[in-house]
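Down below is the structure, laid out as structure tokens.
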Amino acid sequence: MGSRPRGALSLLLLLLAPPSRPASGCPAPCRCSETRVDCGRRGLTWASLPAAFPPDTTELVLTDNNLTALPPGLLDTLPALRRVHLGANPWRCDCRLLPLRAWLAGRPEREFYRDLRCVAPLALRGRLLPYVAEDELRAACAPGLLCWGALVAQLALLVLGLLHALLLALLLSRLRRLRAQARARSTREFSLTAPLVAESAGGGAS
């Protein structure tokens, strides 16, 4: 008798427990805890940085790596992201950092990013990244590299726009289908109840 309440309580706690992130959702070589992704102190570079992170990531740790820049659009694909730890990286302040600087400029909590300093080029060494002007970043790149970086950023934004449009189209299609099913169900119920109502009315008149 006493074991049943304990068993019911255990089942209730299991049902109320927050779902854990599946192992496949955590990119190697990072470690994940709930919506926090820790990729710090992994020796990551531009080439070895994971191509994507779980979309529900709220905190991303990239400190103490060998990152000189981030792939364009990487942080923009994380709508729930609230904080990114970017310190202790050898940031090269050129046109490839324009997407990161734009992302930082739109963050309300700028105090977390005031320690990001440029390591290269020599003209910008020691400068705080959030306070480096866009023109200075563009000037640090060759024209060809600047055009290539802009093209990559535009392609990333285009892909994101297409994905959003596709999701919106699927949602609208689903809503139309549900509305049509509800309308058909209502028509079917009316066709079934109408003869009964007519029969009841006829019986009362006789």
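Cβ coordinates come from backbone N, Cα and C, glycine included.
Here's what Swiss-Prot has on this protein:
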| type | residues | note |
| --- | --- | --- |
| DISULFID | Cys26-Cys32 | disulfide bond |
| DISULFID | Cys30-Cys39 | disulfide bond |
| DISULFID | Cys93-Cys118 | disulfide bond |
| DISULFID | Cys95-Cys141 | disulfide bond |
| DOMAIN | 27-55 | domain 'LRRNT' |
| DOMAIN | 89-143 | domain 'LRRCT' |
| MOD_RES | Ser186 | phosphoserine |
| MOD_RES | Ser191 | phosphoserine |
| MOD_RES | Thr193 | phosphothreonine |
| MOD_RES | Ser200 | phosphoserine |
| REPEAT | 60-83 | repeat 'LRR' |
| SIGNAL | 1-26 | signal peptide |
| TOPO_DOM | 27-150 | topological domain 'Extracellular' |
| TOPO_DOM | 172-206 | topological domain 'Cytoplasmic' |
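Structure coloured by features recorded in Swiss-Prot.
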residue	record	Cβ contacts under 8 Å, 6 or more apart
Cys26	disulfide bond	Cys32, Val37, Pro54
Cys39	disulfide bond	Pro27, Pro29, Cys30, Leu49, Pro50, Leu60, Val61, Leu62, Asn65
Cys93	disulfide bond	Cys118, Ala120, Pro121, Leu124, Arg127, Leu129, Val132, Glu136, Leu137, Ala140
Ser186	phosphoserine	none
Ser191	phosphoserine	none
Thr193	phosphothreonine	none
Which sequence-distant residues neighbour the repeat 'LRR' (60-83)? Criterion: at least 6 residues beyond either end, Cβ under 8 Å.
35-46, 49, 51-53, 89-92, 94, 96-97, 99-100, 103, 109, 112, 119-120, 149, 152-153, 156-157, 159-160
Within 10 Å of the Cβ of Cys118 (disulfide bond), how many other Cβ atoms are there?
23
In the predicted model, what is the mean pLDDT computed over the domain 'LRRCT' (89-143)?
89
Using DSSP and three states only, what is Cys30 (disulfide bond)?
coil
